[in-house]
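Participant: Shown below is the structure under consideration.
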Amino acid sequence: MAKRMLRAAATLAAALGVSDVARAETNDAIGDLLVLEDAGPSSAQRREVEFTGAIERAPLAPPTAAPEAAPPSPPAAANPQQRTDPRPAPRAEADPDGYPVDLLISLANDAVFTKDPYPKGRRSDPRMIKLQVLLDRSNASPGVIDGIAGDNVVKAVRAFEEMIGHEVDGIVDAALWSALGGTSLEPVLTSYTITEQDVAGPFVPTMPQDYAEQAQLPGLAYRDAAELLAERFHMDEAFLRRLNPDVTFAEAGVDVVVANVGKPLKTRVAHVIADKGRKQLRGYDASGKLVVAYPATIGSADLPSPTGVHAVKAIAINPDYWYRPQVNFVQGANRKALRLPPGPNGPVGATWVGLDKPTYGLHGTPEPSKIDKTNSHGCVRLTNWDARELAGLVAPGVPVDFQEPEGAPVAENAPIAPRTPAAEPSRAIVEDLGDAAPPQTLEPLPPPREVPYARPRQSAMR
């Protein structure tokens, strides 16, 4: 179905002269993006960790090929009795004024520069779809790919400008578009065939929000194959469903249209900046060059993130989560400590990068579309796929510098450490630190007023 849709879209676009326009206007300028206020300026060896989830990037595929399938999520099946206070699955919203699906796909793949600004609102725009995929491929993550203009896209554009030495203004011009690969014939939407592993689960069709109910489940897995595939291809789930309106995501062998996002970054990150002003996590190599940037939720007013410079202490894939209301926040009526099982829909998602400040870390999320739109409990929250990529780029000892917004006061209990300018990030500790300590000795009991943390499962380490 998806392959037929792609062929039909190409035929329709050809009839409308889209391809000819694409060839004729490759040097035009694109309209201004929404511009944010400038928040100011802001390769170590690592221990290998196992990962069997489904959020790794698929390799770039030629126009007629599909990305390779990733293995399924490991958590066990849910208890069917646990169905209270659920988080509903996203649904594709009705969009009577939007593009027909086949035309939207074709226009996204053939998108070119125009002088028209990107449309505002909640409608997916073909040029924005292409821009988001190109940014994702270029290691300047826009968060979820949904074809909608927003702050996370602008931040990604500004980060990519910094990466290539372009003027940092958040505006896409012809030179930037070309540097992103905008003139390439590589499609940004392609066909993928659902596999038996994709639909095998285990899944949690209705995820309770109450931690006590979550603690009773064998695992906090994806709800269904649609959510699994949306995260694998870095897409908003409702957007994935909109591109595939007749697909149930319950059968293997079915072709679907997905974002063509490419391979994970391999460059080692030697220094990380958690920029509270930009709401962005930025990774630098050993030479001080910005090599990767992710949109992030960094703490909140009630539960702020750390200040100063800390260091990566341990990395865990599919970690357990420990809820301790006596020393952290209280969720609902839960007054007792709870151990929540692992899974991508757990409170810290599928990845935990723990810091040397107890209970704090960089981690994933069960709701990627809300990154930089809601608060966290003091940690740095990323999409599951960005957190998983980060785990492969850092090692224990890599410094993480929490930078305050310009003009913000520094907390009195901030660690005494020199501020490292964004232009000259410090080098990471590069010696091999070996395996992490056993889970029972990895982290001390958190002191009062600090937030919960994830403890690595020993089986996830090697």
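Note that Cβ sites are derived from N, Cα and C of the backbone, with glycine treated the same way.
A TrEMBL annotation is a machine prediction, not a hand-curated record.
As listed in TrEMBL for this protein:
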- 1-24: signal peptide (SIGNAL)
- 62-77: compositional bias 'Pro residues' (COMPBIAS)
- 62-96: region 'Disordered' (REGION)
- 84-94: compositional bias 'Basic and acidic residues' (COMPBIAS)
- 270-403: domain 'L,D-TPase catalytic' (DOMAIN)
- His363: active site, proton donor/acceptor (ACT_SITE)
- Cys379: active site, nucleophile (ACT_SITE)
- 411-462: region 'Disordered' (REGION)
Participant: So if I draw a 10 Å sphere around the Cβ of His363 (active site, proton donor/acceptor), how many other Cβ atoms end up inside it?
Facilitator: 28
Participant: Give me the count of other Cβ atoms within 10 A of the Cβ belonging to the residue listed as 'active site, nucleophile'.
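Facilitator: Cβ-Cβ neighbours of the residue listed as 'active site, nucleophile' within 10 Å number 29.
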Participant: Mean pLDDT, the domain 'L,D-TPase catalytic' (270-403)?
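Facilitator: Taking every residue in the domain 'L,D-TPase catalytic' (270-403) and averaging pLDDT yields 91.
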